[in-house]
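Some features that TrEMBL has for this protein:
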DOMAIN    138-213  domain 'PDZ'
DOMAIN    225-327  domain 'PH'
DOMAIN    352-449  domain 'PH'
Amino acid sequence: TRNLFPDYQQSISGYNLDLKSEMNKNRKLPVLKDTRASDSSQEEAIDQWARRRKQFKDSKKCSSTGGSSINSTITEGSSKYISLTVVFFFLYVIETLGFYTENFHSAAWVFRGDDVSPDNSPRCLSKRPRPVAIRERTVKIAKGTGNYPWGFRIQFSKPILVTEVDTNSAAEEAGLQVGDILIAVNGTDVTSMPHSEAANMARKGPDILTMVVGSDISRYPNTPRPTCRGYLHKRTQSAILKGWRKRWFVLKHNGYLHYYKHKKDEGKCRPLEVTKLEGAEIGVDTSLGKPFVFKCIPQSGNRIFYFCATSNQEMKRWLEAMEKAVHPVHQNHVWVDVTLHNTTLPPLAIKNPECLGLLHQLDRSKDAWIQHYCILKDGCLYFYATLRSTPAQGGLYLQGYIVSEQSLGSKRSVIELKPPSEEFKTFYLCAENVNENKRWITALKASINKWLPLHQAIQDFMNRPLEETRM
């Protein structure tokens, strides 16, 4: 599968769905280390490689004997760097498969339903009954102990309804919510099955209870996990070079801190290092006698990272963002779980798509257009290799994106997906002809319009007259 969309959230390679679920739990992108190497970072390894390379070039001016001696040294000394690079490249490829979700995680969004009439406020803000937006998703619950090993209750009804989820239970950890409707249990449809029969099927099944549930994605807004970007000075403590180096840092919504040599390298080059911040110790540091310095001690590893900002305000901005990454929200928003469920389906199995067909997406790094079979549903654009391929290669969360028709290079008509902020990525798509482009543009605008930023939804709700009930 090609690496098409940098910063994706989930791995969905065809043979590796088990790997995806494992990454979902842990997203193991550690501070890069090699068991055969020292604790120095990749950047320091690159410096060492550069010095050896220069030494080799200089030796070319000397005798062939000297050159041979230097060459053998490079072969031995570079083995650590090569193995480190191979490990990092594997982790980078794994991370960049999946979905581009940054704009969704940067703010709180409300799904206002399929009926986006201005007279209708989102369900989470109104007591007046609103049409629910039920979408299917998969929930996997590990069996516990005691009389109620799963940690939830279901109602004697058709369809079967989840009426209670125990606090701190396996069901709550798996993301099951009160109000979810049971559709399938361990692969068996239960929509027309008696409550008792479905319960017995769950009890007699494996220790991992797998359920497809119907969930109302308009019930709650998501919890923002904003990113943070900017230049910081990083203290370097290599054996030869010491001091502070200016680097471009990116804190992702998944809680991993990436850094690059330059801002322009983000999305084009592999980061020099990736550090998991969950459980790390973050705080201001005064031991170095330098203003606006703060440190990070990752939970896994014995290194201390020192960073220096340009002002007190900039330091506070980074500390606030890092604190959120240290104590992350582990439970996905229900809509995220819905999209992950949909990626496992064949393209035509996604119910009631708003648009479908072939699209070409611009790969700017190669200046080439890549063809996909695309499905648009609820503000998410899914990308498949072909009409019959499963699972999806990846996709885009489109909340807040502005859709327009533009000309680009030799193409007179392309679809531009422009984000509300320059820190996020702009995407270019192109259908088979101008009429197809217009069809997609209309569908994309309607699909994106189903979502509102929470602050806008609250403002709209406050500006409306009070709801009244006629008697």
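From the backbone N, Cα and C atoms, a Cβ is placed for every residue, glycine too.
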Tally of DSSP helical, extended and coil residues in the domain 'PH' (225-327): 18 helix, 42 strand, 43 coil
Confidence summary for the domain 'PDZ' (138-213), mean pLDDT rounded: 88
Tally of residues which DSSP labels helix, strand or coil - the domain 'PH' (352-449): 15 helix, 47 strand, 36 coil
Secondary structure tally of the domain 'PDZ' (138-213) (DSSP, helix then strand then coil): 15 helix, 26 strand, 35 coil
